[in-house]
Every structure is written in C-alpha cells, then in structure tokens.
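Chemist: The structure's right below; bear with me while I get my questions together.
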Amino acid sequence: MHVQSTTALLALMAVTTIDAQTTSNVTAPPRVCTAPETNFDYYGHDISKVYVAGNQADQLQACCDACGKTRWCIGFSLSNSFCYLKASDAGRRAAPGVVSSLNAYTTWTPTPTTTPTPTPTPTPTPTPTPTPTPTPSAGRTCGAPIYNTDYYGNDISNFGTTGDFNNMLKQCCDGCKAVATCGAYTLANNVCYLKTVALSPRTVNGATTVIVPPVPGTSVRYCSSPEVNYDYYGNDVGTVQVTGDVNAMIGQCCETCKKNSQCNAYVLFDSVCYLKSATGVRSIKVGAMAASVPTATW
C-alpha cells in the first residue's frame, strides 16, 4: 500500500466520502470487525479505497461498514483518513500510523418459529424426476500464478496432477472452480492443494499459488494469519493437545476450531491449543500464537 497525500489521492481517483456519524440508520448484515491492529498494514490485495471522516473511532466504524458491503472484502487498513479495502491480510507488516482490522460476516442459526401442524391431506404419488447434476459455477476465473509461494493452511483437499506445468495448473484451476468454497490453490510437487482462502504466505521454491474468487454468496470458515507473541485472554471453550512443528500445531488448532461451532479464535501456547469463542482482550504473551477464525460470506 503506497500512502500518498490526501490532495494527490483525490486528484488521482474518485473517492466516496463516508461520514460514520450518518451511517447509524443503515441496516447492515451481521458482521464482525476484529480488534484494530495499531501500526500494522495488510500490504497489497487492495480492492478499492474510500475516504472516511470523523475521529479515529468513527473512521474505523466507517471502514468496517464499507468492507461489510463490499464483495470479496475480508479486512481493511486505515491510513491518513483513507480506508483501503482488502481481499486478503496476507501482506501483514509493521507500518507506523496505520490501523488494520479483519472484517467478516457472522453466521447465526435463527431459532426456528413454531408453526401449527397442518391436517394432512392425501396427495398423489409424484412422478420421480432425476436429480440434476450440479455443475461448477460458470464465470469463475483463476488468477495469475504467484511463483515460489505457498499460502499455508486453510486446506480443503488435495489431489495429484499430471502432464506439463500448464496442464497441471489447469487441473488445479478446474478442481478449485468445481468446489464452491475454494478460493485459492497451491501446486507443489505435482500435488494440488485446494484452499478456502489465501493467507499466511511463505516462500517455498517450486510452489505456485493462484487465487480463485469464490462463488458469490458462499460462506467459508477460515483461519487468519497467526499473531506471534499475542494472547486472546478469556472466552475459552476448550483445549486440545497438539503435536509436531509449529506449522503442524497451528494447522491442528485451525482445523479443530473450524469444526467447533462455538470457536471463533484460538491461542497456541506450550503445545496446547486454547479454543476461544471470541478474540476478547488482546495482550502480549511471549511464545503464544493467536488467530481469529471468522466465517466469511463472499
């Protein structure tokens, strides 16, 4: 993210002014904005930017609202009264004066309304019709390859590929497009790893990653990039012993949390994964790694 002066930015592109104090009457879908990360930027993956007014709290709320109304947006970075809407937080890095936050829709299961049981009436036996075979969503495209890069974690499944490099990329692309919740894939050693989102980038020689915009309206649970030496105090819903190297333990925490409907974050410390219902109070804890696990609707 290259931050320019307000005057230059206004001259370069049309921007939308959002006064957070005037948005209180707008009914927005349920959303979660995580605790702001001060002096951190989610570099790259920009969707758009908007100008926001008011004090910092007003601006953060306006950014949150704007992200919640923008397809593909999972977070934002606020700098010099401009909100940069992001499709990924993969480029998280220190940036003095920048404030960033993740934003995702939350999914609640409504309490079913009790309705009177109608008196059954005889109905003729319907003629069975064949179940239509679902087809992959039309119009989905695979992005440009990102070479020597793996987006670790958030795997859905994997399968082997054959042929030359371009043929293997096509097999990965077709495989991802056929899965509604697939938002990216990584090809490494002739194996294609389908992923819900592209987060936690790392250099892996020979690995190739491609982002595939998901099907609109698809809800996915994913694990954000871990915050090193941070704890989310309280809100525990369970603990799990994990094993292996740090990446393996993070993967176990992530998968365990995603499968638990009460879990929306986790903290890994001393080979124990603490499942959390919310990020709660964020505090420094040397040796701990913390991550949120939101549900995003694209």
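Yeah, the Cβs are placed from backbone N, Cα and C, and that goes for glycine too.
TrEMBL: automatically predicted annotations, no manual curation.
Copied straight from TrEMBL:
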SIGNAL    1-20  signal peptide
DOMAIN    40-86  domain 'Apple'
REGION    109-139  region 'Disordered'
COMPBIAS  113-135  compositional bias 'Pro residues'
DOMAIN    149-195  domain 'Apple'
DOMAIN    231-276  domain 'Apple'
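Mind running through what each feature is packed against?
Modeler: Here the domain 'Apple' (40-86) returns a mean pLDDT of 87 for the predicted model.
Helix first, then strand, then coil: DSSP counts for the domain 'Apple' (149-195) stand at 13 helix, 19 strand, 15 coil.
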